[in-house]
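Structure record follows, encoded as structure tokens.
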Amino acid sequence: MSPEGKTLLNIIILGLGFMVMFTAFGTCGNIEQTVIKSFNSTEFHGSGYTSMAIIYAVFSASNLIAPSVIAVIGPQLSLFFSGLVYSGYIAVFIHPYTSSFYTLSVLLGIAAAVLWTAQGNLLTINSKDSTIGRNSGIFWALMQFSLFFGNLYIFVAWRGKSHITDKDRQTVFITLTVISLVGNFLFFLIQRPDPEPAPTDASESLLPADISDSVSVVPSQSLCSQAFEAFKRSIQLAVTKEMLLLSIPFAYSGLELTFYSGVYGTCLGAMTQFGHDAKGLIGLSGILIGVGEILGGGVFGILDKCNRFGRNPVVFLGLVTHIVAFYLIFLNIASDAPVAPEEGTQMQAFIQPSVTVALICSFLLGLGDSCFNTQLISIVGFLFRDDSASAFAVFKFVQSITAAVAFFYSNYLLLHWQLLIMVLMGFLGTITFFVVEWGVISSRRDSDYDSI
């Protein structure tokens, strides 16, 4: 197999592994608050929002050490062992206890940091400057099929249910645990890519030399030295101009991740105006989020049609898509839906609640999210390809800390305040992304002149 074919196969296997694993975990996150509200036990007093806040808070802190872990055991084993923790978290819901639920939340935060940093590292080392956009789209589209399969199962299993029984819960989470374990073992099929030839002067990194030098270490260095070097590079990258500007769209991606992956499904389940199918509607919403994610990943990644115009048009489309979705949600969903009890909300929305409008918003949330994330992955992989593990660790650090904050305030803030926060961060993040992308385009132009 040619080197290009091998690296493309690695990207596909990486995407398939994440697709299978997040078929389980993404579905778990989408339904856990609804499941917890339906759980009758004097031994359990947990909150899905609080669990997610813990996960993302630990996730953010653990990103500082994730590159060190990958430097020591490699990205492949990092994916596998992190995936086992994901499976353990899902299995907790088979027989939930408060102590095990929150303990696994902490462990999952650590595992998530290692998992996503390893993913970014593998994506980058299997890509070139000319293929990073395509490969980001392929990975994203494949992974987001997880939203389709998992939520289709929930839609069929829970359709017409107003209450989730213990048997319903156990059947779902046993199935999800097994699916997650299958995904973990797919990571062992990833092959080591062939080494690239030395880069020419015209293709060197756009970053200053003191930042973009490779963090590869000589074999004589101890594991501790490798780990410390990776940690030091993460700190150095975090304070570069490009990374500071990108931290705003990173933060926005964390806020809207929280909303579409947990809060919006809870809102739909709380809308009594949708009738007895409100719980099943959570699964159908997840399917349409997945359709939007897959469409965005395909159009802007696999087809790579927007490359000639840079990344800015795609990010702008993502912002417009999200603003339309937020406005329709503001009109269609009652303000207290995120914090309503299991019985649902009795408040009225600004318009007569419509299932059709709710599902259109689900699709728009997924499409907008794919616009932002494919371009963020692409620009990080392009700018920091020599320090990809450290760069993606910083990306996930910022994203996860804002997701943790969002999951925390989701316990208390009414819907319209949550939407307002996302709109403001979305505008600011889009502007700062534009500034970084303009710098990339300018540097490319200068490089082209220098090579003449």
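Glycine is no exception: its Cβ is also placed from the backbone N, Cα and C atoms.
Where the annotation comes from TrEMBL, it is an automatic prediction and has not been curated.
Remote same-chain residues near the transmembrane segment (7-26) are listed as 1, 79, 83, 86-87, 89-90, 119, 122-123, 126-127, 131, 135, 138-147, 149-150, 176-177, 179-180, 182-184, 186-187, 189-191, 193, 261, 286 (criterion: CB distance under 8 Å, separation of at least six residues from the stretch ends). Positions annotated as transmembrane segment by TrEMBL: 7-26 (among others).
The list of residues near the transmembrane segment (46-65) in space but at least 6 beyond its ends in sequence, with Cβ under 8 angstroms from a Cβ of it, reads 29, 32-36, 96, 98, 101-102, 105-106, 108-110, 112-114, 117, 227, 231, 234-235, 254, 258, 262, 266, 393-394, 396-398, 400-401, 403-405, 407-408, 410-411. Look at TrEMBL and you will find 46-65 (among others) tagged as transmembrane segment.
Among the features that TrEMBL reports, transmembrane segment is placed at 77-95 (among others).
Look at TrEMBL and you will find 101-125 (among others) tagged as transmembrane segment.
According to TrEMBL, the transmembrane segment annotation covers 137-158 (among others).
Sequence-distant contacts of the transmembrane segment (170-190) (same chain, at least 6 residues past either end, Cβ-Cβ under 8 Å): 10, 13-14, 16-25, 27-28, 31, 76, 79-80, 83-84, 86-87, 90-91, 93-95, 122, 150, 153-154, 157. The transmembrane segment feature in TrEMBL is assigned to 170-190 (among others).
For 243-261 (among others), the entry in TrEMBL reads transmembrane segment. Within its own chain, the transmembrane segment (243-261) has Cβ neighbours under 8 Å at 26, 29-30, 52, 56, 237, 289, 315, 322, 362, 365-366, 368-369, 372-373, 376, 379-380, 391, 394-395, 398-403, 406-407, 410, 418, 421-422, 425-426, 428-433, 435-436, counting only residues six or more beyond its boundaries.
Taken from TrEMBL, the feature transmembrane segment covers 281-303 (among others).
Under the heading transmembrane segment, TrEMBL lists 315-335 (among others).
Positions annotated as transmembrane segment by TrEMBL: 355-384 (among others). The list of residues near the transmembrane segment (355-384) in space but at least 6 beyond its ends in sequence, with Cβ under 8 angstroms from a Cβ of it, reads 120, 123-124, 127, 129, 132-133, 136-137, 139-141, 144, 147, 205-207, 212, 237, 242, 246, 249-250, 252-253, 256-257, 259-260, 264, 268, 271, 274, 277, 281, 284-286, 288-297, 300-301, 311, 314-315, 317-319, 321-322, 324-325, 328-329, 331-333, 390-392, 395, 433, 436-437, 440.
Annotated transmembrane segment per TrEMBL: 391-409 (among others), in sequence order.
According to TrEMBL, the feature transmembrane segment maps to 415-436 (among others).
The stretch from 101-125, 281-303, 315-335, 391-409, 415-436 that makes the most Cβ contacts under 8 Å with the transmembrane segment (137-158) is 281-303.
Non-local neighbours of the transmembrane segment (101-125) in the same chain are 10-11, 14, 18, 44, 46, 50-52, 54-63, 65-67, 69-70, 75-76, 78-79, 81-86, 88-89, 92, 132, 135-136, 139, 190, 193, 377, 380-381, 385, 388-389, 391-393, 395-397, 400; each lies 6+ residues outside the stretch with a CB under 8 Å from one of its CB atoms.
With a threshold of 8 Å between CB atoms, the same-chain residues lying at least 6 positions outside the transmembrane segment (315-335) that come near it are 249, 256, 264, 267-268, 270-271, 296, 345, 347-351, 353-354, 357-358, 360-361, 364-365, 367-372, 375, 414-416, 419, 422-423, 426-427, 430, 433-434, 437.
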